[in-house]
Every structure is written in structure tokens, then in C-alpha cells.
């Protein structure tokens, strides 16, 4: 990948000038000037998904300049480099090949001289066989009872992706109960274990290195809990599975090789749900539905790889995001999924985006002097409307938003869904167009007081609008469409990383926190108050802990 600073490109300078020209334009005026604006700025994917980006503060010339920026930043070759397995994660000397995990054409993908599709298919077949045993009640616990509860122990990408997908596909769930333990806070695992019977519980320990502190602490607690019931280590075989790249560490923990599901160092954690990390997904919804998830992602991969940028959905959404982030200085981006089962989606995208593009060093190894990844946040509709939409409608911040919904619900209450859709359509309209001539119902007898009161309240009811949004409408939320949607956002994040000239697939900030926590943990276990080699604040916090923990 080329190392090009975006603000040195001709298109960046042109975009800056263009921004000054149109920054005061109102979305409602853009619609008035162009009766075909929706048609011009919307795309359909596979006749299943509509992406409407017409309610943005853009013109055709804006898109033209953004596409010019993508070309100047060598985006096309960067995409090809990722898909072909070149070392684009340079700081860790790794390829980035999560797309290979859903390569449904099964065409050869060569990495380090080997066709990795052989290993991918082998693991998929193992996942299929194992999940069939568990789902069909043929995998039995130490007393001969069939498994009723699965506990996925992992954090970050080993937790958020599978948890999001399983909740999203709630209507496809089988009889198995799936639980997630991620936080090292003991309350997390305590609240899960107290509901379970060890005779019918299966633990899946998910860790890329099998050394992640939070995961291993929780795994050891689960192991002790199980041993209290079974008393014999050999009985653990029926109750512990590992998903990792480090088989040796998993075996050191006590998990036999036959119970280990491998993945590879070219799979980043936040992009790993397509691998054996998705074993809990397979157990929850069955292997056929997992294949549909892969199929959908593969279709979006092909769209991203082969479609010209002016019709390329991930590229266009990414570039529009850059437009707000780097020229309007918007800083945040909201995700509003109007589906209760998608309540983990914004958290999932938060990790995908902020861990990938929350960087201040460019690919040349210098500090950037432009904005990189935005702050991602969100809440399912309509709850958010009664929490923070007020700020969107009448606050002082520019907050671009993605609104997502499906047409056909997965529940029988059709009237509920019509109400939900009406809110969805209304909010994007209100945010874009606002309301300037408010009517006010005030019941006051005195005419003069009434007129004064009416004028005062009407002014407070003004909503200026001009808040941009994209609308993504699915025909229905099924595994195939969910695969499309997740892959769309993955490629959006990568595209923005290319434009920002950063490495999107490392996370050295996360690693720093891990190292410091290990060191501080050792100091917490020493006796007496001390002045450790930290700042006075950290020393004071540790010593306050010691004083009060000794009093309990």
C-alpha cells in the first residue's frame, strides 16, 4: 500500500475549497433544485437492499471530488492487495485475509506458498460436524446429559461479533441457550454460572493467543467451577472447547487437541466472526444459516472488489464519512438500527471502526495532521428517540447518522412494524428538512398574553434540520442479508483507513493497556502503601485500594 498523506493530494485541496462553497447549503434546498435527487443518490444491492444517501450535504461535484481522492490515494490497488494476501498489516508483518474465510467460490488463495482454502474448509467441516453433534443432542456431558447451555468466554472480537450475530438472528435460534462472558469483572461470570448446571454446560474459550488476561482468568474460573462438580480432569473433555491460533497454550490449559478449533494470525479479532470464532453462531443457528451468512458477505466482497467506485456502496459511504469527518469536522457518527434484535450492532461497529481507525500515526511513521477515525455510537430505534434525538434535532453538533431497518419483520405483530417504519421514515425526514413554522396549542384566555406566549414558544419549536443521514433498508433481516451488511461496514472501515493513510489492522493502544495492567496487578498484591514508579495519581489510587481492601 502506498504511503500518501491525503492532505497533500490535489483533490483534498479542491474538497477544502468546495467545502467553503457549500457548507451553508441546506439539504431541503438541494432537494428543491433536483427533483431526481433520490434516484441520483441511491443504490440497490442484489434487489434486496436499498441504500439511500440523498439526505447528505453533498452535490454531484462533491462525489466527483471524493472519487478523485479515492483514486489519488490508490484505493483500488489497496483493495486488491488485501484480497490477494499481501502484507498490508505492516506493523505486525501480516496479511489481512478475513475475506478468504467467506470465499464461496473456493478459488485458490495463496499465502506463504500454500492454498489456505484447504485449511479453511477443513475447519468449517469440523465446525459443521461438532455443531451437528451438540444440536442433535449427541454430544453428552460427563453424566450422560445432553448439552443445554453454551458459554462463550472471550473479549473484543472474540465476543462482540458472535454475540451481535446470535442476537440479530434470534428468530433462527434453536433450543440451545448461549451465554457470553467477556469482562474480567467477576460479576459477569458469576451471574452466568449461577444459572447453569455443570452436567449440561459447554464452555468455548475463544482467544487468538490464548494468553488474553481477561479471557484466561474467566476460563480458569469456569474450569474450577466445573472441577468442583466433576472432580476428575478427564471429564473436562466433554465440557471445554478452545478456539485459538495457539494450540499449544490451549493444550497447556488442559484442552485436548481434538477439542481445539484453529484459526490463523491473518485473521484480525474484530473481523473474525467468519472463522472458528463464530462457532457459537453455528451452535445457535445451525451450520446452514452460518453458510448463508458467509454467502452474503462473499457477495458484498465481490461488489467491493469489482464495482466501479461511483456505484460501490462501501466506497461511497466511506467517502461521505470522510467528507463530514475531515471537512465538516463532525467527529462522531451514529448508527440507528430500527430492530430490537440488532441492539448489539452499534457496539460491534464501534469496535470495528474505532479499534481499526483510531490511530494518530500514518503509514509513513509520522504523526498525522488530519482527523482519522470518528467516534461511533448508537442505540436501537425507537428508544433513542426518547433519549438523545433531541440533541440531533435542536443541538449544536453535526452528527451524520446511518438509519437501518428491514421491511419484513420476523415477528407476527405487523402493526407494530408499520409504526416502527413510520418512525424510521419520519426521523430521517425531520433531521434533514427540519421545521421552521411551528404551530403551538396554547390555551390562555387573555388575547395579548396568548399572542406573546405563542410567539415565544413557536421560536423554541424551530428545528433547523440539515442533519445528514444514510438510510439502509433491507427486505428482511436474515443470515444472508446480515452477512452483506457486516461486510459492507468492514469494507467501509478499510476504505477510510486507506484514505487516512493509516494501518487499520493493528491495535497498539490496546496492547499498552494490557501491559500496564499486568504490572500494576503485581504491585497491588504487595503489602503496605508505597510510592511506586508511577505518577502520583496512580500511586494514590493503588494505595487507596490497599487501605480499603485490607479493611474488608
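Heads up, the Cβ atoms here are built off N, Cα and C, so glycines get one too.
Per Swiss-Prot, active site, proton donor is recorded for 355, and the stated evidence type is sequence analysis. Residues annotated as active site in Swiss-Prot, with sequence analysis given as evidence: 386, 514.
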Handout entry: Cβ neighbours of residue 355 (active site, proton donor) where a neighbour is any other Cβ within 10 Å
Key = 22
Exercise for the section: Give the distance between the Cα atoms of residue 355 (active site, proton donor) and residue 514 (active site), rounded to the nearest whole Å. Expected result: 15
Problem - Site with most surrounding Cβ atoms, counting all protein chains shown within 10 Å, from the active-site residues 386, 514 - result: 514
Handout entry: Residue pair residue 514 (active site), residue 386 (active site) - Cα distance, angstrom, rounded
Key = 37
